[in-house]
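Record features, source TrEMBL:
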| type | residues | note |
| --- | --- | --- |
| TRANSMEM | 19-38 | transmembrane segment |
| TRANSMEM | 44-62 | transmembrane segment |
| TRANSMEM | 133-155 | transmembrane segment |
| TRANSMEM | 161-189 | transmembrane segment |
| TRANSMEM | 255-278 | transmembrane segment |
| TRANSMEM | 284-308 | transmembrane segment |
| TRANSMEM | 364-382 | transmembrane segment |
Amino acid sequence: MPGVTVAENVLQAIAPCEVVCKLFGLIPLFSGIGLPVWKRCLNAGHFLVTISMIIGGIFYCLPMEMSHDAGSSVARKSGAIITVVYYFQPICATVTSRLIAGTTYEIFKSLESVDNKLKTIGYGHSSIREKKAISRSTACALAGSSGVLLMFAAHPLEMDVFFTFVNIFFVVHFSMAGTYASCVAYLILNRFQVVKDVLSTKFPICMTADKDVSIVSKPVIRIEEQEIALKQVKFVLDKLNSTIELMNQSLAIQVLYCVGVSFVIGIVCSFYLFRAVIYRNDQLAMGAINFIWYMYYLSFVLFFIAIASRISQEGRRIGITVHKAINFCNTSRTVINELIIFSQQLLHHNPVITCGLFVYDWSLLYTMLGATATYLIILIQFDVSFPSLDVGNSTTSSL
């Protein structure tokens, strides 16, 4: 884009998501190092207003949620756990976002440096395409608030306008926390894909003819151009690996809250749905809606896991491309030796997004599903095996 720097392109691509996050207090209004006093004061005021709104909403809604009769003592205690986790997640996310604001800013500076290096060797990416993808993701996250309205529509007589407003705020707050981290990971993924394309283009594979292998015709690349491109690619991958480390120190922790909330909600909502189906009470519709609500929450975790897995996959593909270039690229011995050294470095720098406790890949989903099934069975056993506790308590209270 003429007249627009690469740094602005990175920020413009993430802008649709950042605007919504700032509106809901999830990230500071201004980011950067050495901000003037008035910007720091606005950030502090923005944080205090957000926390005040969240705490006020919790004090208003929490007693109403706790007063609901969920049936058995196991169901009531499970409902209390899910309520506490649900309402306190926005506080954790808002506080953490302020603590990691500096690290998040460094992520964008690192991506800016990567884009500048890629530009020097004639490669880039479409910021417009990135912005459109991020805009669509943000719109889908905001559309999920309509699910909260469906939940309250099931009980129109009990509907409270302020209660509904607070819950919509909390749902959007959660969804934007996951969406923002996924959008940043998406920007990193695109840079890894560009690096793979650079290696494929600058080091074309030229295999000898065989009865099972055909010749791959590629344009001849000058040796000097290959050496320059390899140096730039090394720098870019070092920067991207540093960006992954920054991601693990900041936004991956935000996603940890989303994973925890989704895990707890999944257990309790599945348990409620099971009770509604088995006992065939009037909570069947609400149980089904709660389960859909759980799937909506889980979708943000799955979105982040999918992008994180793609990043690791692209890292492996880059290694495969380098090994093919070593074996089949028609280039000088000096370049081959540099590629061999580069391939050895790649073995120790596989890009992996982790929060420290676990790696964000598809194995995490299988672990969550297995743990959910285990805890669900435990809750069902307690609920079925000890019905006498509720009967005894009700008899004692009547006396």
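A Cβ is built for glycine as well, from the same backbone N, Cα and C atoms used for every other residue.
Since we're looking at a predicted model, the values are computed, not measured.
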Outside the transmembrane segment (44-62), six or more residues from its ends: residues with CB under 8 Å to it: 22, 24-25, 28-29, 83-84, 87-88, 90-91, 94-95, 98, 162-163, 166-167, 169-170, 173
Cβ-Cβ under 8 Å with the transmembrane segment (161-189): same-chain residues at least 6 beyond its ends: 10, 13-14, 17-18, 20-21, 24-27, 53-54, 57, 60-61, 64, 86-87, 89-90, 93-94, 97, 104, 107, 111, 130, 133-134, 137-138, 141-142, 144-145, 147-149, 152, 240, 243-244, 247, 251-252, 254-255, 257-258, 261, 296-297, 300-301, 303-304, 307-308, 310-311, 314, 353
Beyond the flanks of the transmembrane segment (255-278) by 6 or more, those residues with Cβ under 8 Å of it: 70-72, 75, 78-79, 81-82, 85-86, 89, 92-93, 96, 174, 177-178, 181, 284, 286-288, 290-291, 293-294, 297-298, 300-301, 304, 355, 357, 360, 364, 368, 371-372, 375-376, 379-380, 383
